[in-house]
Amino acid sequence: MASDGYLPLFETKSVKGRVIYRPFAVTVFVGICLIWVYRASYVPKRGEDGRWVWFGLLVAELWFGLYWLLAQALRWNQVHRCTFKDRLSQRYENDLPSVDVFVCTADPTIEPPIMVVNTVLSAMAYNYPPEKLSVYLSDDAGSDLTFYALLEASEFAKHWLPYCKKFNVEPRSPAAYFSSVIADPHDASWPKEFMKIKRLYEEMENRIKTTVKLGRISEELLSMHKGFLKWDKYASQGDHDTILQILHDGRDKNIKDTDECGLPTLVYLAREKRPQYHHNFKAGAMNALIRVSSIISNGQILLNVDCDMYSNNSDAIRDALCFFMDEKKGQEIAFVQFPQNYENITKNDLYGNSMTTIAEVEFHGLDGYGGPLYIGSGCFHRRDILCGGLFADDGKSEWKTEKNTKRTESVHELEETSKGLASSTYEQKTQWGKELGLKYGSPVEDVITGLSIQCKGWKSMYFNPVRKAFLGVAPTTLPQVLVQHKRWSEGDFQILFSKYSPAWYALGKISLGLQMGYCRYCLWAPNCLATLYYSIIPSLYLLRGIPLFPQISSPWFVPFAYVVLANYTYSLTEHLLSGGTIRGWWNEQRIWLYKRTSSYLFAFIDTISRSLGFSDSGFVITAKVSEEDVLQRYKEEIMEFGISTPMLTVLASLASINLFCFVGLVKKVALGHSMIYRLSETMVLQIILCGVLVLINLPLYQGLFLRKGKSKIPSTIILRSTAFGLFACTCFTVLY
Ligand SMILES: O=c1ccn([C@@H]2O[C@H](COP(=O)(O)OP(=O)(O)O[C@H]3O[C@H](CO)[C@@H](O)[C@H](O)[C@H]3O)[C@@H](O)[C@H]2O)c(=O)[nH]1
Ligand SMILES: [Mn+2]
């Protein structure tokens, strides 16, 4: 308790480990400096082997060192938050602000309607007064199948919400709940209701799945709901009028669940799409939602979730409010970001999908310097700020006085009034996408929007509760993971050159630590260069027998060994402390290498060619369903390759080069025993580097040479990459 008797709604604790971490980081930095010194002072003389690559190594090591420095900002000052929801209820239970939840979907095949409505249902079932809660589904596909599913869900909600309340159910996505719960047959009271609600759900699920399989709405259904009439003029996904339907009107006292309680407002929105107007992907959808909802419910707090990210904790709204409504600190907080967690993570997380270090360490570090990035799903915003509100130190937000002035129009009138706000021409000559709402032009609309808000002086909060607040679906194949990371790294890299660059625009506007943190992510893409260099050149030189690192008896060997050992020991510890496994850590190292040498490389190339005007970046939606056999391999943690992509070609080629270099080395050793001694004396670091690269690539070699079936690497890639590897190695040894 503070001295004035004030009890805060949330509390901040510094992470204890910092007393150990900080001196440790200093020693690593000394090691890095020594490496730089070594590189700069032992450049081979003119005419000596390896002079030019030496300069390359110097640049790569400078890059890695500086990039490492940026990572320190993410670890130096970590904080954890906890909330006091009981205090919130005591003080504000009758004055809670209204909350609008936005669920975004964009493709009924990649994002099945049954999954989407499960997310919607989980949001409707938040432990929050229904008259203050509204859920909007934005459907960028404008699909009548998704609409139909929502219609079904709106009826099912009348049973589901009271059930959740009565039994205090978690999670409140019915699909997740039914797959997690084991009914207790000894408890006479609840199995009956459980069986009943389960049956209702399964019937709904069946109807939705049947309709989706059919691919169209049957005549019978068409005649059942007038809403389908709105599809009469629908031409295609990219060419249709706004379709806006209020399925539950929160003001309507006649809409009640089976317990006679009111239901949250529920709205379906497919904004207008026309081929001649750019729709700006998710950012465009969000902005349409912000405007439309301002007429219908005008919630003061906005929550956005992706359609796969169901609510796993029905108290999350209240958690977020503890930040916004804290009397002392609340008024400077613009958004509260929760981590993005996934339901389908396997034990050793083959593709590093959970991004453990980012979620469990780095975002806590950002939080210590003014707040995490806005990363889309799982983020609560204050509406006024997203709509251009200015920061003022004394600007106390008066939650109580901002009571929603209830509108009096009929549902139909309300639909008609707000419909225009979602038209494809509405934003012309307005500030939407620039000063208002989410920013356009970036594949990571969220990050750039969050940064611009922080630059105005607002703070953000990272809240990472033990019970995960949101769970989504992580990609299950290597190509999908690589594409997703290409979008992210490309988007982040573009931000570096945008008007809101964290490197210069943000200077003096946000703290230095936060600036460095942003730069760490914005520089993902160019990381490919140094990494590619390091994973090719030393191996090729190993094949030639030219040492590029200090030999084992040299004192300069020590800083190299120390930095490598210290960094990897630390990262393993960090991973284990964050709940990972040793194999999980190893997998993370592999995916880290793959992302850097493929996703980031293509992101880098595309960003450059985009800035020269050659291409435009898009938004490839991440798949959220997989075929049965793919899923099975995912569960068994067998790497899935399958399709032929340029990124996979690059990875396979790199793996081939390293394999051939390693084989070459083994051959040399086998031929002459004296070699062993010489090599181990002069080239230990190169041998280790090449050996580790081969080890980490084992699943790739399996995919290349051993696996059969459609999950292996396609044969065109096998041919191309081995030919390329052989060619590179031969050229290098013969011609050089
Ligand atoms: O034109 C579009 C494209 C996408 N989406 C929706 O955007 C969400 C995110 O798309 P997804 O393919 O799942 O991308 P992820 O990489 O998983 O998403 C992360 O990264 C995005 C930025 O790249 C953020 O917007 C997301 O919130 C964040 O979860 C999904 O709900 C989509 O339906 C749209 O509404 N309209
Ligand atoms: Mn997603």
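Any Cβ shown, glycine's included, is placed from N, Cα and C.
Feature annotations, courtesy of TrEMBL:
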type: TRANSMEM; residues: 20-40; note: transmembrane segment
type: TRANSMEM; residues: 52-70; note: transmembrane segment
type: BINDING; residues: Glu111, Asp140; note: UDP-alpha-D-glucose binding site
type: ACT_SITE; residues: Asp140; note: active site
type: BINDING; residues: Lys282, Asp306; note: Mn(2+) binding site
type: COMPBIAS; residues: 402-418; note: compositional bias 'Basic and acidic residues'
type: REGION; residues: 402-422; note: region 'Disordered'
type: ACT_SITE; residues: Asp446; note: active site
type: TRANSMEM; residues: 641-665; note: transmembrane segment
type: TRANSMEM; residues: 685-705; note: transmembrane segment
type: TRANSMEM; residues: 717-735; note: transmembrane segment
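Sequence features annotated in TrEMBL and their locations in the structure.
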residue : record                           : contacts (Cβ under 8 Å, 6+ apart)
Glu111  : UDP-alpha-D-glucose binding site : Thr105, Cys307, Asp308, Ile621, Lys624
Asp140  : UDP-alpha-D-glucose binding site : Cys104, Thr105, Ala106, Asp107, Gln237, Ala270, Arg271, Lys273, His279, Phe281, Lys282, Ala285
Asp306  : Mn(2+) binding site              : Val103, Cys104, Thr119, Gly376, Ser377, Gly472
Asp446  : active site                      : Leu373, Tyr374, Ile375, Gly376, Cys379, Leu438
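Taking pairs at least six residues apart, the transmembrane segment (641-665) and the transmembrane segment (20-40) share fewer than three Cβ pairs below 8 Å and do not count as touching. Close to ligand 2, meaning a Cβ under 6 Å from one of its atoms, are these of the recorded positions Glu111, Asp140, Lys282, Asp306, Asp446: Asp306. Note on Lys282 (Mn(2+) binding site): other Cβ atoms within 10 Å of its Cβ, all shown chains, come to 23. According to DSSP, Asp306 (Mn(2+) binding site) sits within a strand segment.
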